[in-house]
Amino acid sequence: MYNKITPPTTGEKITFKNGEPVVPDNPIIPFIRGDGTGIDIWPATEKVLDAAVAKAYQGKRKISWFKVYAGDEACDLYGTYQYLPEDTLTAIREYGVAIKGPLTTPVGGGIRSLNVALRQIFDLYACVRPCRYYAGTPSPHKNPEKLDVIVYRENTEDIYLGIEWKQGSEIGDRLISILNKELIPATPEHGKKQIPLDSGIGIKPISKTGSQRLVRRAIKHALTLPKDKQQVTLVHKGNIMKYTEGAFRDWGYELATSEFRQETVTERESWILSNKEKNPNISLEDNARQIDPGFDALTPEKKAQIVKEVETVLNSIWESHGNGKWKEKVLVNDRIADSIFQQIQTRPDEYSILATMNLNGDYLSDAAAAIVGGLGMGPGANIGDSCAVFEATHGTAPKHAGLDRINPGSVILSGVMMLEYMGWQEAADLIKKGLSDAIANSQVTYDLARLLEPPVEPLKCSEFADAIIKHFG
């Protein structure tokens, strides 16, 4: 089956049922060490994960690690430009769950990004990025502890799909010509809304299937959270891109109010129900007026539409959601993308799960990570219905490779996500406690140590791993 790698002789495969992992007590898990500082951070991560599993389960559970290759290390073994060998793809497909360090961006043609390639090959449609603050972590924000969100980013669509042509290419010029002449010609009504002939051009596909499976997974996650965190916010720019980002929002609401009707309430529904609870005799029109402050300035047709919305909500879900019962449901709302960038800074404790498309999610997850301490502490997972890959969210930092100084927190916390995904919560909790206590005691690597006041003597990467284990208790 494999050309240059050999699986462990002990251990079992993780399988999947209805999109969820079925995990044996001794799973085989492929790992990619990673390029650059992967040589430092992976050994530290493996040591912490193994120690947590051993302590939590007293030998009843154990991970059998399976070394596979990608990036520069793969080229060293498999040959030039073999950044993502078939052996590695076969192993991840066979064993279902994998973890990896940072990977270099390939030079030359072919694969544009190894991370994107893995997501597309295995249909890992949900990029999951928790952003929470660990006490003692230096942050430029006054109250970083108020931010505790999970970004659910659609991973396989949007402009990141990579369907684009450079300026001057034959196909690009042809496409622009067809669009200008046949689909968006200048008209007296709309004027000249055309693409300049010297443009590069890309395509932004957003599908109903892709949008709804992402929102479905986000809502399922929300249902596992404490009641005060059961909220999913659909982040979009639908006010401008109505048929892509606006459709994402609409499809998200459609999924929530059909497939999860008894478990969810939309923000507008909550307003309608609350108005009725505060004033049982409120008229449909007055209820509509309260949920839409500009109601009286609307056209008669628009007024009738909102009144009908109020009537439909009360007739359909008052019995199941009224009299305060909606407060026990997962709240589904939406926010414009540029607004949410402000609100995670000014009103961070109002949000929990942020579900969004690929490009917005890339920006948003990095911005949120910066608030709580940066990408060095930012974990990530790419999850599909029959595979999951957990990863460092930072780059390879080759100038620090082999110096035993880089912060392994991102990969360690990605390992925590992996353990939680597997249902091994006890081991995950040990690591979170150990990491939190180490940071609170200023036992940190150089990237955090230099920002503390007063500065402290930094730990090596390997020493930070030892400190985490020591604080398991």
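Here the Cβ of each residue, glycine as well, is placed from N, Cα and C on the backbone.
Cβ-based neighbour count (10 Å, all protein chains) for T104 (NADP(+) binding site) stands at 20. Annotation source Swiss-Prot lists NADP(+) binding site at T104, H394, G395, T396, A397, P398, K399, H400, N407, Y446, R450.
On its own chain, S113 (D-threo-isocitrate binding site) has T105, P106 as residues at least 6 apart in sequence with a Cβ closer than 8 Å to its own Cβ. Residues or ranges marked as D-threo-isocitrate binding site by Swiss-Prot: S113, N115, R119, R129, R153.
What Swiss-Prot records for D362 is Mg(2+) binding site, and it gives similarity to another entry as the kind of evidence. D362 (Mg(2+) binding site): 18 other CB atoms within 10 A of its CB, across all protein chains.
When Cβ atoms from all protein chains are considered, those within 10 Å of Y160 (site 'Critical for catalysis') total 22, not counting its own. Taken from Swiss-Prot, the feature site 'Critical for catalysis' covers Y160 (among others), and the record attributes it to similarity to another entry.
In this structure, K237 (site 'Critical for catalysis') belongs to neither helix nor strand by DSSP; it is coil. For K237 (among others), the entry in Swiss-Prot reads site 'Critical for catalysis', with the evidence type similarity to another entry.
In the three-state DSSP scheme, Y160 (site 'Critical for catalysis') is classed as helix. Counting only residues at least six positions away in the same chain, the Cβ atoms of L103, N382, E391 sit under 8 Å from the Cβ of N115 (D-threo-isocitrate binding site). Residues listed for D-threo-isocitrate, S113, N115, R119, R129, R153, cover a largest CA to CA span of 19 Å. Cα spacing between T104 (NADP(+) binding site) and R119 (D-threo-isocitrate binding site): 16 Å, rounded to the nearest whole number.
With a 10 A radius on its CB, R119 (D-threo-isocitrate binding site) counts 23 other CB atoms from all the protein chains. When secondary structure is read from DSSP and collapsed to three states, S113 (D-threo-isocitrate binding site) falls in the coil class. Mapped onto three states, the DSSP output places D362 (Mg(2+) binding site) in helix.
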